[in-house]
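Student: The structure under discussion is supplied below as structure tokens; questions concerning it will follow.
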Amino acid sequence: MKLLRAALGLALLPLLRPASAVEPISLGLAIAGAAASALTGIISYPRLYCYFRECCLQRHDQRAAAGLQESLDRKLFGQHLVNKVVVKAVRGFLNNTKAKKPLALSLHGWTGTGKNFVSKIVAESIYKRGLHSKYVHQFVATLHFPHAHSINLYKDQLQSWIRGNVSICPRSLFIFDEMDKMHAGLIDSIKPFLDYYELLDGVSYRQAIFIFLSNAGAEKITEVALDFWRNGRAREDIQLTDIQNALSVSVFNNKNSGFWHSTLIDRNLIDYFVPFLPLEYKHVKMCVRVEIESRGYTVDEDILSRIADEMTYFPREERIYSDKGCKTVDSKLDYYYDF
């Protein structure tokens, strides 16, 4: 506002001198014109313009990475691999002014382990409006691509949508949810946009980000986690190298996945397969606590434990992992608290 007042003041200085030769209506128009001119000049200044209206590449890359780290540290539980991989991948990509290809992350795990939550945080770290930003585009397989007989139409529409939006904003973010329910072959239509091309029809896609969400591969992730648990090894000792290769092969060969024999995997265009580990009892309690606090209520430890106890856990004998993660925490709180 100081900048605005200063600019208006400078614009009006010549008009504040004696104006006996100027008719009142002319003086009024001159003042209005000068003010409008000054305001237009200020609004056209990129940073101030972007204060009032959303702009492409809105947040400084370092700020975006810092915000992403802080949000994941505070809101995501039991996912040390996700925290490490996503932050490093996104930060490195945002700070790389000479990227050779777009960033492609594929998030895998059971329902309720945080895949949608993390994609939301990534969006919010780059654009203030997050998923509501006009530069963030979310596709849900069962909603946007429901009919198998329309795959060719969907391919054309998807290519046109990506081409048009990246032409408007190079740092566009595309999120594909329910990849395990997408018709096989459809996602391959975006292969050219993820490849190592400098330009395609005059458009560069190297600043875009693609995030895929899928339940496919969750069995393989659980298998590794259980192996560590049964051998007395800490969950936090699991490394990306313990899972990533097996996960990518599992997804590639899963006939019920949109990535089945996909060229995106075959051509190594997915930068990271990010495993979301199944959540344990203690992680469910963390989710309940944060949700209660976010609603402004005092945490009742008895209710917190009762909600966590009501979740169903697997395997049947050990009962280690919540089969719905933190998915139903919100609805269970509505039952116990008179919100």
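Cβ atoms here come from the backbone N, Cα and C positions, even for glycine.
Automated prediction, rather than curation, is the source of TrEMBL annotations.
Sharing the features that TrEMBL gives for it:
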{"type": "BINDING", "residues": "GLY109, TRP110, THR111, GLY112, THR113, GLY114, LYS115, ASN116", "note": "ATP binding site"}
{"type": "DOMAIN", "residues": "279-336", "note": "domain 'Torsin-1A C-terminal'"}
{"type": "SIGNAL", "residues": "1-21", "note": "signal peptide"}
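For each feature listed, report its degree of burial, its nearest neighbours and the pertinent distances within the displayed model.
Tutor: Around GLY114 (ATP binding site), a 10 Å sphere centred on its CB holds 26 further CB atoms from the protein chains shown.
Along the domain 'Torsin-1A C-terminal' (279-336), the predicted structure has mean pLDDT 92.
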Student: Measure the Cβ-based neighbour count of ASN116 (ATP binding site), defined as the other Cβ atoms within 10 Å of its Cβ.
Tutor: 17
Student: Could you tally the C-beta atoms, other than its own, that fall within 10 angstroms of the C-beta of LYS115 (ATP binding site)?
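Tutor: LYS115 (ATP binding site) is surrounded by 26 other Cβ atoms within 10 Å.
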Student: Using the Cβ centroid of GLY109, TRP110, THR111, GLY112, THR113, GLY114, LYS115, ASN116 as the reference point for the ATP site, which residues of the same chain not in that list have Cβ within 8 Å?
Tutor: PHE117, ASN215, PHE276, GLY325, LYS327
Student: Would you say which of the binding-site residues THR111, THR113 has the most Cβ atoms within 10 Å of its own Cβ?
Tutor: THR113
